[in-house]
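Remarks on the structure that follows.
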Amino acid sequence: DFGHSSELAFVVEPSDDIAVQEQPLILYCQVEGIQPITITWRKNGVMIVDSENAFMLANGSLYVSRFQRVRGDGSSDEGEYDCMAQNHYGLVVSRKAKIQAATMSDFHIHPQNAVVEEGGVARFQCQIHGLPEPVILWHKNSMPVNTDNERYTLLPKGVLQITGLRAEDSGIFHCVATNIANVKFSREARLTVSGSHSSVYKDPMILVGPENLTLTVHQTAVLECIATGNPRPIVSWSRLDGRPIGVEGIQVLGTGNLMISDLTVQHSGIYVCAANKPGTRVRRTAQGSLVVQAPAEFVQHPQSISRPVGTTAIFTCVAQGEPPPQITWLRNGQILETSDHIKLKNNNSTLSIYGINQADEAIYQCLAENSAGSTQASARLTVLWADGLPSPPQGVRAETVSATTIQVSWEKPLQNTKEIIGYVLHIRKAADPVEMEYQEAVSKSTFQQLVTDLEPSTSYSFYIKAYTSRGASKASEVTVVSTLGEVPAMPSLFIKVINSTTVQATWEPSIKLGQHEGFKLYYRKVHLSQYTGPVLLASNVTAYNITHLDASVVYEVKLLAYNQHGDGNSTVRFVSLRETVERTVLNPPCDCMKDEQNNKTSTTGIIIGIHIGVTCIIFCILFLMFGYRGRLLMCKNMQEQLSTPQIPRSQRSATGLVLNGATRRDRDDRDLNGKQLDMNELERLFPASPSQEQQEKGITSAHSLSAPHDETQISTFPLDEFSIIEEQPDPLPKTPHGSSAAAPAPDHGPANEG
């Protein structure tokens, strides 16, 4: 079973009960486990010794022969009882059973006389306290009220409602309260029904609204609401939080009382009763609170575990209830005290036992308790111990090396050292809880460890365990040592010239300085050996003016931070007062406005430079693109480089060559004007292939160039990509072939040379 130790566990636990005066009482307790098992009882935490009045039965139950609420010696049999069971594995304690005496008080509310007009509503109430809760019945004229009459409503808390009053309802009423302790009668009250039913309009009015109730789950709640008015109002119910009331377990008693059966925690809330005038929005409301409590119950039980010596054991116990239950841990029936070795976390839901040893072997119990009830669950811790394990390491010593380093050394165990495979050094700040401990593994041949990255001026605890393949030794003795203190770091120092005889030393507070008590400021003329100072300054001071200086010399200023461990390293600055008041020679002060302007100027220059660079790149790309597209191939002074002779410059046509410069529309216009190109002339100017005929005409393609040192780039293009444009508009005689001849032009050189 979950939440029980198989070695020892409860089968039946005592339960809450209400005992009758002078009557016997039995509290049940049944245990299972490994025999022999001893059972004892306690009342209010005190052991019960068998006596004539109270003794234990053979099955472990407790028998009280004559229950007494108050005995002659002033003692009482009322209280909280629990059962304890023990064997050689441990001890467990049952839940606490609350035993109360059955009682009944006198009536503290009696029914009152009432005079109500016919058709109205009458309400009688009597109230009495008792254990258990008394059952209240009503009598009319000394006879029980007929509950079959729909106009008569009896509520559990002692209320009688009569609606739609008639003349025959008149009479004398009283109530009778009954429980196992007693029977009591209330005073009598007379009901008088007067006159006839009135037709005068009356606003709706709530005579009695719901009262605040606190109940336990599975009980029944009755929320009263009785309203009057003419016409008779309609009573409705809702929740203040807007959630639906639901239908399961919901019933309306009489003309507007709400009854909720088998309560759950979800039924808790504020309920609103509304009396509505039929056909209108006129209404009156009243509200009451319902609180439903739930006894503690476990969501997760602790589980029995087995762990080797020196390890950590963790038990988890999660309980729920309303109100939220309080969790308490017991060890063999005794309240568990926390220590560095034993920790409780998560509102006591988690029990952690660090570095367990054989003394920790026990039965651990989790008790969950709230105002509605209590429960318990148990689990056993078994500590595994192997024979032949090493004894604890000896002679553990720790020596401080620096503010962040400690040297730990030890000697090997005295017994069973052959199977040791290594050591584990356990490290923890002395002020930290055990769960903050960390470990460092060390080889079996090493008997010292340098622990680094520690905090200055801090105490640390150390202990060692020797490990074998079968388990760990017990822990060595714990040694505690503190790291050295640390002096503060160097402060940042700035010097600003105030005037010809005064400078200001400023520095910045920083967490890098660490803990410091203050600052020491020194200054001197650079050609002198003696400093003026120290000037002692508090830790919250960040500036100091040095006055009465000589403007003709250079000064050295030195600043350091100090604490109880000594002086930190100093920061040195040099300053001259000869120049401008605003600046120093070697340490220009921080002029925030000027720095901001310089930053703005520098930023503007950078932006302009970027724009210029981008513009240059764009122009270069455009130049390359259009230069490539506009390149014109001309043959010039290349006689020695051509495989065939060229036409002399003087014989060339003055007509310019335009590449991709003239559109088809332009050529079509020239054709219309009679200026057609002779195909023979085009073939002569732009040969398709190198042939003997082309060589005779002096035109060659780029493939005919043979001079390797010529860097002129020559390309071949289709003929339909070129046009011949005349530069002389005067008409010339036609050639025999009928094509337009180009007029000789002055030799200005080629229009475009490759």
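Glycine residues also receive a Cβ, built from the backbone N, Cα and C atoms like all the rest.
So that you can see what the record holds, here are the features copied from TrEMBL:
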- 8-100: domain 'Ig-like' (DOMAIN)
- 105-192: domain 'Ig-like' (DOMAIN)
- 204-287: domain 'Ig-like' (DOMAIN)
- 295-382: domain 'Ig-like' (DOMAIN)
- 392-486: domain 'Fibronectin type-III' (DOMAIN)
- 487-583: domain 'Fibronectin type-III' (DOMAIN)
- 606-628: transmembrane segment (TRANSMEM)
- 643-654: compositional bias 'Polar residues' (COMPBIAS)
- 643-754: region 'Disordered' (REGION)
- 663-673: compositional bias 'Basic and acidic residues' (COMPBIAS)
- 689-704: compositional bias 'Polar residues' (COMPBIAS)
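The average per-residue pLDDT of the prediction over the domain 'Fibronectin type-III' (392-486) is 89, rounded to a whole number.
Packing against the transmembrane segment (606-628) from elsewhere in the chain is no residue: none 6 or more residues past its ends has a CB under 8 Å from a CB in it. In terms of DSSP helix, strand and coil, the domain 'Ig-like' (105-192) has 3 helix, 43 strand, 42 coil. Against the domain 'Ig-like' (295-382), stretch 8-100 has more CB pairs under 8 A than any other of 8-100, 392-486, 487-583. Across the domain 'Ig-like' (8-100), DSSP assigns 0 helix, 46 strand, 47 coil. Under DSSP, the residues of the domain 'Fibronectin type-III' (392-486) split into helix, strand and coil as follows: 3 helix, 47 strand, 45 coil.
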